[in-house]
Amino acid sequence: MQANGAGGGQQQPPPQGPAGPELGCLGAQNGEASSGSAAGEQLAHANGLLPSASAANSSGGGSSPGGLSVNNGVPAAGGPGSAAAELGGGGGSALKKKKRLSQSDEDVIRLIGQHLHGLGLNQTVDLLMQESGCRLEHPSATKFRNHVMEGEWDKAENDLNELKPLVHSPHAIVRMKFLLLQQKYLEYLEDGKVLEALQVLRCELTPLKYNTERIHVLSGYLMCSHAEDLRAKAEWEGKGTASRSKLLDKLQTYLPPSVMLPPRRLQNLLRQAVELQRDRCLYHNTKLDNSLDSVSLLIDHVCSRGLRSVCGAPYMLQCLGIMRKQFPCYTQQILTEHCNEVWFCKFSNDGTKLATGSKDTTVIIWQVDPDTHQLKLLKTLEGHAYGVSYIAWSPDDNYLVACGPDDCSELWLWNVQTGELRTKMSQSHEDSLTSVAWNPDGKRFVTGGQRGQFYQCDLDGNLLDSWEGVRVQCLWCLSDGKTVLASDTHQRIRGYNFEDLTDRNIVQEDHPIMSFTISKNGRLALLNVATQGVHLWDLQDRVLVRKYQGVTQGFYTIHSCFGGHNEDFIASGSEDHKVYIWHKRSELPIAELTGHTRTVNCVSWNPQIPSMMASASDDGTVRIWGPAPFIDNQDIEEECSSMDS
């Protein structure tokens with residue numbers, strides 16, 4: 001245990017016949033049944049309804065396909081609706097009124113229709129809309145869609161006048177017209193019609209007095225020598241279905257969904273549902289896949305394929321015990337080569353090695369077997385007189401920096417491949433170099449301690465920059481390559497910019513921050529706070545997101561970590577000899593790992609093997625955690641059978 005001085009694109013619809021309406025733009029209102037016609041008779045028969053013998057003589061029926069007339073929500077006499085009423089209505093000539101659809105039913109029908117239309121099943125969409133009395137989108141929207149996809153820009157502009165009363169924002173029409181004219185301009189340029197393009201730019205786009213900065217950019221495309229150059233500079237797919245579909249997606253954002261549905265709305269809703277189920281799955285630890293093809297939509301999400309086929313959705317909560325067996329909750333290996341307290345452990349960025357630092361003055365580098373996931377001793381790095389309390393791998397894993405405890409003024413830079421010491425650095429005997437962080441370029445690192453300064457150095461230990469008056473507890477370099485985060489003795493984390501020499505407050509706690517780590521995307525910070533435990537902060541919004549319960553944290557330095565395929569999990573050591581694991585969105589631990597006999601100082605989750613984790617303890621051991629051994633479908637079936645009984 002290390003004491004610390006800090007605290008004491010949609011498809012183009014087929015062209016409509018001259019007598020028929022646009023796709024999905026039916027004249028029938030919601031809840032109204034269509035009267036009989038030849039087309040109506042065929043559609044009714046195709047939908048499983050028997051046509052009436054008098055369908056051909058139905059009164060008031062229209063003859064154009066899809067243009068079926070209605071009569072106050074009641075099927076016209078002699079139409080297919082009459083036949084259906086006679087079949088299921090209990091006899092007599094009384095006609096049943098069709099039940100009016102609810103708003104949610106209408107929405108579902110439209111979503112299904114949009115999806116089927118995207119698959120090219122247009123006749124099926126026609127039937128669905130006619131039988132339900134719904135319409136896929138507003139007639140003006142359908143006309144607008146067709147003109148955009150066909151590149152008929154003048155007609156599309158005229159359509160905007162029809163859509164204007166349906167748009168909520170008064171500025172939306174101007175923005176939509178700008179997008180249309182931009183596409184028109186680019187297509188003219190690609191076709192080599194420079195004069196026409198120039199006419200659009202000067203006489204149509206510029207008078208809009210909208211987004212003049214973008215107009216300047218567009219004017220620069222006149223200098224493009226060929227079509228490939230234009231597409232590259234404009235980051236544009238070129239004239240055709242792809243770019244026009246993308247244009248439609250942008251245009252739709254200005255239209256209410258009652259007029260035109262957002263693109264791929266059903267797929268997006270299903271994807272959100274799958275993601276929500278994954279988020280609620282406590283032990284979900286597989287690579288994030290946003291494709292709906294990778295999951296079954298017929299049952300609720302369960303992590304294991306075996307569980308999905310054997311247990312099914314009703315058993316999801318009961319099966320958590322089985323899924324836990326596939327999580328790194330079980331001791332796979334105990335490393336006992338250190339002969340004193342182990343203060344730190346860290347997997348390399350490629351996940352192939354583990355470095356452990358100890359009070360016994362050594363760093364041991366372990367090799368991870370890619371098949372068995374067993375670790376074997378690779379190298380022992382000796383000579384750290386004060387012990388090793390912190391280790392940092394270079395971004396390319398070629399170098400490793402080791403630091404000591406509070407009274408250590410030295411830092412060691414090792415070549416991992418050769419095991420040779422490249423640099424032993426000390427700025428002053430009165431210094432304290434207890435923490436280190438690599439710059440993303442791998443050519444520099446920052447180091448410091450609690451004596452009031454931190455430094456930026458190169459690989460030879462040469463001093464590049466320094467920052468005075470900061471008692472550093474822990475350091476981290478952000479991906480921008482110029483900002484260093486440092487926790488200090490004022491219970492805060494500040495950002496220091498070495499380029500413009502500015503600093504700003506980012507996190508403020510009420511108790512000493514013993515250590516912290518940053519997520520891969522740089523958005524979240526995980527803090528071990530004295531007497532408080534583990535806290536999660538959002539660095540962008542500068543707010544405390546969550547306080548995790550269970551861990552025992554005093555004034556000793558304990559290092560926690562993010563882990564799992566998508567960094568959805570958090571793990572931390574504890575002074576009660578346990579390792580705690582939480583799902584990032586849950587304050588209560590999902591696992592408490594026992595086995596160590598003294599304080600667990602550090603945990604590290606393998607960044608490439610999400611089922612592997614290491615923990616270092618004052619008991620002198622390093623434990624490697626993994627899934628339960630020998631779990632297979634037979635185990636799952638037996639456990640599920642016991643649930644049934």
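Glycine residues also receive a Cβ, built from the backbone N, Cα and C atoms like all the rest.
Keep in mind that what you see is a predicted model, and the values were worked out from it rather than measured.
Residues or ranges marked as compositional bias 'Gly residues' by TrEMBL: 1-10. Under the heading compositional bias 'Low complexity', TrEMBL lists 46-58, 66-75. Per TrEMBL, the feature domain 'CTLH' maps to 137-196. According to TrEMBL, the region 'Disordered' annotation covers 1-75. What TrEMBL records for 335-369, 381-412, 593-625 is repeat 'WD'.
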Residues in the domain 'CTLH' (137-196) grouped by DSSP into helix, strand and remaining coil: 47 helix, 0 strand, 13 coil
Averaged pLDDT score, the repeat 'WD' (335-369): 97
Helix-strand-coil residue split for the repeat 'WD' (335-369), DSSP-based: 0 helix, 19 strand, 16 coil
